[in-house]
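Heads up, the thing below is written out as structure tokens.
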């Protein structure tokens, strides 16, 4: 992946809903990022999103000039995509001005961190979703692809926009729907300027190893032993109970 290293970030507007504390002890109950604007010279491309507590609420498809809501429940709301298009146009103008005035120093490429896990506990043959979390992304230019047994997978794949972090880096999540099988393994392939070569994060379903014949024999023997002990103990208690009843009858009334 040959990528141009010229990059410029747009303004990041954050609105924070704070808990009613004061001074240095203020802790955020919820954090909303309204109008996360990103424009870069690579591509060139831009991004406009709204986020709440780290989740993407919607983004504006700049090519189709429409708002895309990430959850069906949010589609009752409206957002004029023209607002985002205007913001991106302003960022593009500012970027061009800054490039002319700068010495074109490249941004520092951070090394992304990749984690792969399943959405729910894995049962072979039952639908599930693999999640590839790519964290610490900067600059926000990355390729994320899925491989199954070494072959590229395109069906059932979706991903988020670049989601902002407080340290001004980004993270991105890619999803893969699948039917887990003992014959298939998966890799999340990540390409980024901060990596010397593409990074592959491997995942395969964990299948409990079958018990050996010796283990099965030991388990059966232990179960049989416990059962026999229970029978013997129960018999002893029954005999003692019968003897106690017989003794009380022979004593008769005082």
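Keep in mind that glycine also has a Cβ here, set from the backbone N, Cα and C atoms.
Range 204-216 is the one annotated as region 'Connecting peptide', of 204-216, 217-229 (source: Swiss-Prot).
Mapped onto three states, the DSSP output places residue 188 (disulfide bond) in strand.
Using a 10 Å radius centred on the Cβ of residue 132 (disulfide bond) and all shown protein chains, the other Cβ atoms total 25.
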